[in-house]
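Residues or ranges marked as domain 'ABC transporter' in Swiss-Prot: 5-229. If you look up Swiss-Prot, you'll see 38, 39, 40, 41, 42, 43, 44, 45 marked as ATP binding site, on the strength of sequence analysis.
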């Protein structure tokens with residue numbers, strides 16, 4: 001089976017009958033990268049919670065065909081965990097309750113760090129790291145869980161441009177080299193253009209899902225963000241690419 005995830009007629013609300021979204025449908029195959037794009041408060045994080053089973057659908061159903069790993073937008077702890085401790089948390093589903101990690105678990109955790117070229121940070125205290133390093137460590141934790149479907153909640157929101165590029169490149173590599181299915185939330189259209197082959201636009205109870213090249217248009221983005229969005233073609237060396245530019249009201253003054 002090539003299918004990774006199926007969402008059928010999904011409906012959910014926090015307050016009775018005030019649906020956050022309704023009759024939401026989409027399917028993903030193994031190796032797909034789905035960007036969930038929308039304004040703050042549109043339900044992006046709630047959708048991830050539903051996929052994780054934290055919330056139960058009010059309507060419809062969700063079928064997950066792969067093991068799930070999750071990378072939260074923020075992670076904090078009152079304890080002085082080392083980087084290796086954090087990555088080992090990804091092994092929790094493979095370790096019996098109250099049992100200590102085995103040598104194989106340490107090996108898998110170090111392999112996850114090695115995959116990201118971060119083994120030199122293994123003994124560092126997690127809270128001493130930069131925002132970009134912390135985000136990569138949380139991705140390493142998900143990789144150590146040996147998941148095949150990784151969900152990321154705005155993984156670049158606190159990162160500078162250089163670290164955003166590192167994370168986005170990593171997600172492409174996970175999909176292409178590991179055949180991992182990737183779902184990430186964002187409110188940045190140009191990140192969607194850069195890496196996602198599938199896009200889900202969430203706009204209150206309205207949604208659009210499909211191939212990114214068909215969904216990500218100036219018309220759809222303008223309706224989504226209530227701000228004029230212009231599509232532009234650019235060139236870097238011999239490569240041509242599309243990006244979107246917002247027309248901020250302050251520019252018209």
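A Cβ is built for glycine as well, from the same backbone N, Cα and C atoms used for every other residue.
Annotation for the binding-site residues 38, 41, 43: lowest Cβ count within 10 Å of the residue's own Cβ, 41. Taking all protein chains in view, 15 other C-beta atoms sit within 10 angstroms of the C-beta of residue 39 (ATP binding site). Local packing around the Cβ, expressed as the count of other Cβ atoms within 10 angstroms, is greatest for 45 among the binding-site residues 40, 45. Report note: the ATP site is defined by 38, 39, 40, 41, 42, 43, 44, 45, and the residues of the same chain whose CB lies within 8 Å of the CB centroid of those residues, excluding them, are 46, 185, 187, 202.
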